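Residues annotated as domain 'Sugar phosphate transporter' in TrEMBL: 19-290. Under the heading transmembrane segment, TrEMBL lists 12-32, 44-61, 73-91, 97-117, 149-171, 183-202, 214-241.
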Amino acid sequence: MGWLPAQGRLAAGLLVNLAASICIVFLNKWLYVRLGFPNLSLTLVHFAITWLGLYLCQALGAFSPKSLQPAQVLPLALSFCGFVVFTNLSLQSNTIGTYQLAKAMTTPVIVVIQSLAYGKTFPLRIKLTLVPITLGVFLNSYYDVKFSVLGMAFATLGVLVTSLYQVWVGAKQHELQVNSMQLLYYQAPMSSAMLLFIIPFFEPVFGEGGIFGPWTLSAVIMVLLSGIIAFMVNLSIYWIIGNTSPVTYNMFGHFKFCITLLGGCLLFKDPLSVNQGLGILCTLFGILAYTHFKLSEQESNKSKLVQRP
């Protein structure tokens, strides 16, 4: 996009991320609901295409791989594998609204993990924003007419593992002095190898319902497209963070959150009661307040660093 002016590149990057982030949710849901494509196998396709995409990126000079020991990346690859699998199982088993709101619980869980395991302290105003987030998720789940115990179990596991992964990613990037693409370049193939070993125990490999089953050409194309879009999401997030402010990235994330919820109601006819709507608004308010306070805190810290002699 070098021929575009700076504002044009920014708009194009945001549009790519918007389209990819929304499409991946709806496309995966369609593959699970309409085609019955196996969950772990789809995750394996995503990991494989992500690694191939990163290999092309480093070959084109987008980033330089850093030599890392497998033991240094193994815990991260395990949690990466777990969070994607459980998040996809949550999407498969829940409505898109419940799936999206459950993901919002990642923020409170990260705060708890960092407080208990790392001794990090948070201002009272940050802690208070977690109340409407949690309350909103509870309201939506309680009044969800398609409530599934199994779906909520997957959502809970997804939130726990995702929170651990996000905490560990930050720590590992600092410890190993690598960026997210360099880390993902090692994670993706290791996570793929783990899934290759696990899949035969949980899903058929050949025959009806297996990854190498008698799928139609259109189904195969949709699965590969899902993998490509998943890679585009990762790549565009990395680009946006590097080329915009945290405010832009977070506000854009809230916009995607609302569009995805709306799309779930329109495309998959997910029922939405008044109480669920209140739960969504409550969670969105908490997320916006949390983002505002965190960004204010970051700006305040930057100002102190600049003023320090």
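Easy rule for this one: first residue shown is 1, then count along the chain.
From the backbone N, Cα and C atoms, a Cβ is placed for every residue, glycine too.
Quick caveat, the model's predicted, so the values are computed rather than measured.
With a threshold of 8 Å between CB atoms, the same-chain residues lying at least 6 positions outside the transmembrane segment (183-202) that come near it are 38, 40-41, 43-44, 47-48, 50-51, 54-55, 58, 63, 65, 68, 70, 73-74, 76-78, 80-81, 84-85, 169, 172-173, 176, 211, 234. The transmembrane segment (214-241) makes no contact with the transmembrane segment (73-91), as judged by fewer than three Cβ pairs under 8 Å among residues 6 or more apart in sequence. The largest share of C-beta pairs under 8 angstroms with the transmembrane segment (12-32) comes from 73-91, of the ranges 44-61, 73-91, 97-117, 149-171.
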